[in-house]
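Features of the protein shown, as given by TrEMBL:
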- HIS111, HIS115, ASP335: Fe cation binding site (BINDING)
- LEU164, VAL165, SER166, GLY167, GLY168, ASP197, GLY210, GLU214, ASN307: substrate binding site (BINDING)
- 24-122: domain 'Gcp-like' (DOMAIN)
- 144-341: domain 'Gcp-like' (DOMAIN)
Amino acid sequence: MILSIESSCDDSSLALTRIIDKKLIYHIKISQDEEHSTYGGIVPEIASRLHAKRLPEILKKLKMFLNNDLSLIKAVAVTTRPGLSVTLIEGLMMAKALCLGLQIPLICVNHLKGHIYSLCISKDFAADSAKDSSKNAPPPLLESHTESLLESRQNKQDSLGVLLVSGGHTQILQINDFHHISIIAQSLDDSFGESFDKVAKHLNLGYPGGPQVERYAKICEINQYKPYEFPIPLLHNKKLEFSFSGLKNAVRLAIQDIQKPLTLQDTSRICAGFQNAACEHILRKTRLFFQHFDGKYFAIVGGASANIYLRERMSELCNEFDKKLYLADLEFCSDNAAMIGRVGVEHYLRDEFTPLLEAQIAPKSLKGDFVESATF
Ligand code: KG4
Ligand code: ZN
């Protein structure tokens, strides 16, 4: 089995993935939402300190799960890029120590590749060892077919297009195979998830903002209030690129103009108006992508892919263009070590290891992992 570690941002997580059938056998994650909530965003120093404390705590639990017998662990996979430098380093230090102690190889994993592989995590444990908020989750749309989509393919029509929406990234990717991933579109400024966080911060809704803004948008819909109308970003721009900073500022100015304190109606109308504009922007650009994309398959991944409104609207768009839509189980949308372990298995099977002395974090770098495409 592979032991995997994720600490690229504000989730401390460890997992065990069996090599032979790529199944997840143990997963544990502690989020830091509460600790960062009062600041309306992640404070890197606090995140780093919490990882330093919690990673060893959850390693202890993992050891108990294995009855202290770590001999079945064949390699350690750890997120080394991209992410926050002070938090990535905590995971990498633990990974190196484990590799040294157990005399096993190290696998450095790209976090974004992890999000893509969240589409094909399958669990092999009855009791859910992962502490997460998936109680009301709809059934996963995961099929074994997804797995073959991520393997090498001959036919252009079998291509998988992926919308990656997280706190750090907003990208449309085209997956050719494990080593050939092209960036078709990305954000010029803020990411989709980050814009939800900033709107929530202006409204004092806490961190992370995505689930809060979505909740208030739902209140607006249920009460049949009229959502605010915000301009849709890059409306007349035909390029495949995203931008959220203008929309974020429009929301900030609208909040400034409302008499304080804000009522529930004000807050929910703002959230619904913002979510409508942000999702409409994503959908319009995806529509543009579909006009040129031959592939039959499309997926949404990343923390913000948990947004039900985005999922529903994207599902309509995929129906219109006759694309089959894949979604990760809600439990694995936000950062977790299960997805890192799943990528780790792929590297392991290809004998792709990094010598301990060469392993480094690369907070920003995507070099060598994804290529920018000029096809569209
Ligand atoms: O992938 P992730 O866990 O971390 C990064 O790699 O960045 O994504 C976290 C982001 C946060 O910005 C959070 O607000 C956003 O995902 N998010 C959402 C929702 N749930 C989480 N955004 C919109 N709607 C949601 N339901
Ligand atoms: Zn992430």
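One-based numbering along the chain as shown.
In case you wondered, yes, glycine gets a Cβ from its N, Cα and C as well.
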HIS111, HIS115, ASP335 excluded, remaining Cβ within 8 Å of their centroid (Fe cation): GLU6, SER8, CYS9, THR79, LEU112, GLY114, SER118, SER166, GLY302, GLY303, ASN336, MET339, ILE340
Residues among the binding-site residues LEU164, SER166, GLY210, ASN307, ASP335 that border ligand 2 - Cβ under 6 angstroms, in sequence order: SER166, ASP335
Inter-residue Cα distance where the pair is ASP335 (Fe cation binding site) and LEU164 (substrate binding site), in Å: 13
Integer mean pLDDT for the domain 'Gcp-like' (24-122): 96
Spatial separation of ASP335 (Fe cation binding site) from ASN307 (substrate binding site) - C-alpha basis, Å: 15
Closest of HIS111, HIS115, ASP335 to GLY210 (substrate binding site), Cα positions, binding-site residues only: ASP335
Under 8 Å by Cβ from SER166 (substrate binding site), same chain, sequence gap 6 or more: LEU112, HIS115, SER191, PHE192, GLY193, GLY302, GLY303, ALA304
Among LEU164, SER166, GLY210, ASN307, ASP335, the binding-site residues whose C-beta sits under 6 Å from ligand 1: SER166, GLY210, ASN307, ASP335
Secondary structure content, the domain 'Gcp-like' (24-122) (per DSSP, counts of residues): 55 helix, 21 strand, 23 coil
Rounded Cα separation (Å) that holds between ASP335 (Fe cation binding site) and GLY168 (substrate binding site): 11
Nearest-integer angstrom distance between the alpha carbons (Cα) of HIS111 (Fe cation binding site) and GLY168 (substrate binding site): 11
Neighbour count (Cβ, 10 Å) for LEU164 (substrate binding site): 24
LEU164 (substrate binding site) - helix vs strand vs coil (DSSP): strand
Position of peak Cβ density within 10 Å, selected from the binding-site residues GLY168, GLY210: GLY210
